[in-house]
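Summarising the annotation, Swiss-Prot assigns FAD binding site to Gly7, Ala8, Gly9, Leu10, Ala11, Gly12 and lists sequence analysis as the type of evidence.
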Amino acid sequence: MRVNIVGAGLAGVEVAYKLLREGFKVRIFEQKPVKFSPVHKMETFGELVCSNSLKSESLKNAEGILKEEMKLLDSLVLNCAYKTRVPAGKALAVDREKFSQCITKVLESFENIEIVRKEVEKIDLDTNEIWVVATGPTTDGKFAQWLSKLTGGFLNFFDAVAPIISRDSIDFNKCFVGDRYGVGTGDYINCPMTKEEYERFYRELVNAEMIEMKDFDRKLLFERCQPIEEIAKSGEKSLLFGPLRPVGLVNPHTGEIPYAVIQLRKEDEEGNMYNIVGFQTRLKWSEQKRIIRLIPGLENAEILRYGVMHRNTYIDTPRVLDEFLRHKKYKNIFFAGQITGVEGYLESAACGIYVGLNISRILSGKEPVKLPPKTMMGALINYITKADELKPMYANFGLINVKMKKNEKREKLHEICINEMKNFLNMLK
C-alpha cells in the first residue's frame, strides 16, 4: 500500500524517510514551487523559515535530550543538520540552503518515492490509503477550508522572523567577535551599545511603524518568537534582560561589559550572511532598515531578508486525534508536525518520526505503539494529545513527571530519557 504525505516540511520528510527505508511506497505532495506561503522561499524540502538554529546540544537542556533520542531513531533532519552545520557556540545551527538540499537529495534517491508538485485541496475520505497531513503552521487555501471542516476549526497563534544582513556591510571597527563567557570558537558578531545609544534605539523602536495584520491579537503571540518591538513595549529595560543582554560579553575595544549588545549569528557555511539574533519583527520594511542602521556597526547594513510576521495554525489535537495522532473517526488519516500543536523545528521532526514509526508498524500488520512517557518525545506527544487546553508546546523539563529537584533534574534527566528510549527500541526488535 502507498502512503500519501501532504507537505514536505520537517515532519513530512521524517515520515517519508522512515517508510522509504522500510521499503514502503510513498507519495509526497508538495505545493512549492506552484504555490509559496508568505514565509517560504525555496523549492526544496525541509525549509527552515525562522531561525537557522536547532537549539542547544547540551544534555542539560531539553533540546539536547530530544536530539539524543532522535539520533537513536535515525532522524533524517538531524543527519542533514550535522552535515551542514555552521558555528554557533553550544547550539546546532545550519546553512539553511544546504540543509534543505541535503534532505531533498536523500529522499529523491529512493526508487519507491513519488513527488507530486501541486497544491492538495482535499483528501477523499472514502479512500483506503493512508494519508499524513504535515502541512505545517501556514496551512491555508482550499485545503485549510477542507481541514477546518474535518477537524471542527483551527486554533491560532502569531509568529515572527528575524532579518538577515550581509557580512560585507558590517563595520568591524565597531563590533567584536566572541561568545558569552568566552565559551565557543568566536561564532557570534557582537554590536555593543552605550547607554545613550541603547536609549535612542529603544525610543525609535517602540515608536516605529508596524505592518497591520488582520485579526492580530497580542495574546496570541508565541513566547519564543515575540517580536522585538513587543518585548520593548513591556518596559524600557526589558530588552536588556532579553535579546540585548550584555552578560558574559566583554568588549575588547574597551575592556568593559557593554550596556547592551546585539548579536549576529552565521546564516550560511561561508559566513556571507548573518541573522540578527532575537530581532523577530513585524515593523514595516522601511522602518526595519532605519532601526537596524541605528545599531553600532550596522550603519550601512545591507538587508538580504526582512523580518516578517505570520499567523500559525494548528488543530485541537486532544479533541480530534487519538494517542497515535490519527483522526479519531478516519483512522487512515494521520497528522504530524506543527499542525498538531508541537512548536519548534526538532519537535516537528520528532512528531514525524513517531507517526512514521507507527504507520510502518500498521503496514507490517503490527499494533501501533506509544512512546515511553519518560522520554522527551513521549512526553511531548502525551501533552499534545491529552492537554485540557492545548497551547503550542516545545520540549522542556516540565513535560516529564519525575520527582527530582530542579538542579538534579537538569543533571540526571538525560540518563533516564535515553535509557527509556533504548529500552523501548530494544522491545520493538
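We count from 1, first residue shown onward.
For all residues, glycine too, the Cβ spot is worked out from N, Cα and C.
Those residues of the chain, other than Gly7, Ala8, Gly9, Leu10, Ala11, Gly12, with a C-beta within 8 angstroms of the mean position of the FAD site C-beta atoms are Ile5, Val13, Glu14, Val15, Phe45, Gly46, Ala134, Thr135, Gly136, Ala336, Gly337, Ser348, Gly352. The Cβ of Leu10 (FAD binding site) has Gly46, Val77, Gly337, Tyr345, Leu346, Ser348, Ala349, Gly352 as same-chain neighbours under 8 Å, each 6 or more residues away in sequence. Cβ contacts within 10 Å of Ala11 (FAD binding site), excluding its own Cβ and spanning all protein chains shown: 35. Shown are the binding-site residues Gly7, Gly12; the one with the most C-beta atoms within 10 angstroms of its own C-beta is Gly12. Counting only same-chain residues at least 6 apart in sequence, those with a Cβ under 8 Å from the Cβ of Ala8 (FAD binding site) are Ala16, Ile28, Glu30, Phe45, Gly46, Leu107, Ala134.
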